[in-house]
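Record features, source Swiss-Prot:
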DOMAIN    1-51  domain 'ClpX-type ZB'
BINDING   Cys10, Cys13, Cys32, Cys35  Zn(2+) binding site
REGION    50-73  region 'Disordered'
BINDING   Pro140, Thr141, Gly142, Ser143, Gly144, Lys145, Thr146, Leu147  ATP binding site
Amino acid sequence: MSKYDSHLKCSFCGKSQEQVRKLIAGPGVYICDECVELCNEILDEELMEPPSPVAPVEERPNKRRSGQNKTTWEQIPKPREIKKHLDDYVIGQNEAKKVLSVAVYNHYKRLKDIQTQKAGGGSPEDSIELQKSNILLIGPTGSGKTLLAQTLAKILDVPFAVADATTLTEAGYVGEDVENILLRLLQVADLDVEEAQRGIIYIDEIDKIARKSENTSITRDVSGEGVQQALLKMLEGTIANVPPQGGRKHPYQDCIQIDTSNILFICGGAFVGLDKVIDQRLGKKSMGFIQPGDGQASKDKVAAGLLKQMTPDDLVKFGMIPEFVGRIPILAALSPLDEEALIAILTQPRNALVKQYQKLLKMDNVQLEFKSDAVLAIAQEAYRRKTGARALRGIVEELMLDVMYELPSRKDVKRCLITREMVEKRSTAELLVHPSSLPSQESA
């Protein structure tokens, strides 16, 4: 046996114990002092480097900071003007629009007051501190919750980020930390912390983090009540440490500090079953409202009426913890969309679906028209699917597939007229065989 077989060696560089000053033993492995020193140098270099190859905020071109697109306090629209803008893009939901318009206007008045106080322009009488009021939107899927929040962000020209509450977990478990919500907002603001701190965050599917029962469980609910607890300080206002690369935080990485005190949080969720909780509190039986022969429209109307009588206690009964409910004082209920509203969504808004497809076909020099009974048939099918306005695009996309596939290669089709029969068949292939030349009356 070689004399070197009895010598211990570094598991990393292979040097023997005689070749180094110190050899540190671990469970089945060894590391020498030279490798330890090399590891320290590598770590020091990485920690000295900036978290990402991004220039300082002052040196980066930023259209918001340039003042070209940044909303000044004097330019903030009044509540009536905000609602008018919302009406251009969102059909119905007038009560929710009013609630949002007033809440957003008051939020930015609060920011203006803070700015005035910092500049020393306020009088002693103006030293009253205005508290933040976050918003909770409750309504069925496809009723316009996310669209309302997105439209608000466009009106006010502030950073806007959307987060999904179902991906969040309590710290220490597999999933996303709640701080990753702030990272999305920071990225939208081009890493401008000051700009991000006056932005809007919409947290969707917030009802999915409700605890499973009202009674405290001995098992840990890491994606339910645990997430609600983690969100408390962020909603109220705190200095949060955000990892610039995302993922989990660890002690050796540099974090960006963001003050959430002035960030407006809008939470949204379907809260399926909340109407039953309210009905139970009111002491009324559903049978008293809905007769066996009533259709889905009657049931939706009753559910919408119950949601308008919602109280914070009902949300606690549903599974939201009292501390969380207390930090979202503004509640707005959205009504289910009926057939009439779905027809309006198809044709009236500035970005209406019919207008979008008309523009797409116009690029191929084809005039697209929908007969009124075809629009009605699309709305009826979307209503049956019970996914609100989201169903409309799927139906129209399926309907227009054949035409949109062939039209770019066809020169003989100059006009397409969509009829109810085509909607029921889910195909417009016959237009390619017999290009439509019907009169255009009753078309959308």
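Cβ atoms here come from the backbone N, Cα and C positions, even for glycine.
Pro140 (ATP binding site) falls outside any helix or strand according to DSSP and counts as coil. When the alpha carbons of Ser143 (ATP binding site) and Cys10 (Zn(2+) binding site) are compared, the span between them is 65 angstrom. When the Cα atoms are compared, Cys35 (Zn(2+) binding site) and Pro140 (ATP binding site) turn out to be 60 Å apart. With respect to Cβ neighbours within 10 Å, the binding-site residues Cys13, Cys32 differ, and Cys13 shows the lowest count. Note on the domain 'ClpX-type ZB' (1-51): its mean pLDDT in the predicted model is 76. Apart from Cys10, Cys13, Cys32, Cys35, the residues listed for Zn(2+), the same chain places the Cβ atoms of Ser11, Phe12, Gly14, Lys15, Val20, Leu23, Tyr30, Ile31, Asp33, Glu34, Val36 within 8 Å of the centroid of those Cβ atoms. A straight line from the CA of Cys13 (Zn(2+) binding site) to the CA of Thr146 (ATP binding site) spans 56 Å. A gap of 63 Å separates the Cα atoms of Pro140 (ATP binding site) and Cys32 (Zn(2+) binding site).
In the three-state DSSP scheme, Leu147 (ATP binding site) is classed as helix. Mapped onto three states, the DSSP output places Cys13 (Zn(2+) binding site) in coil.
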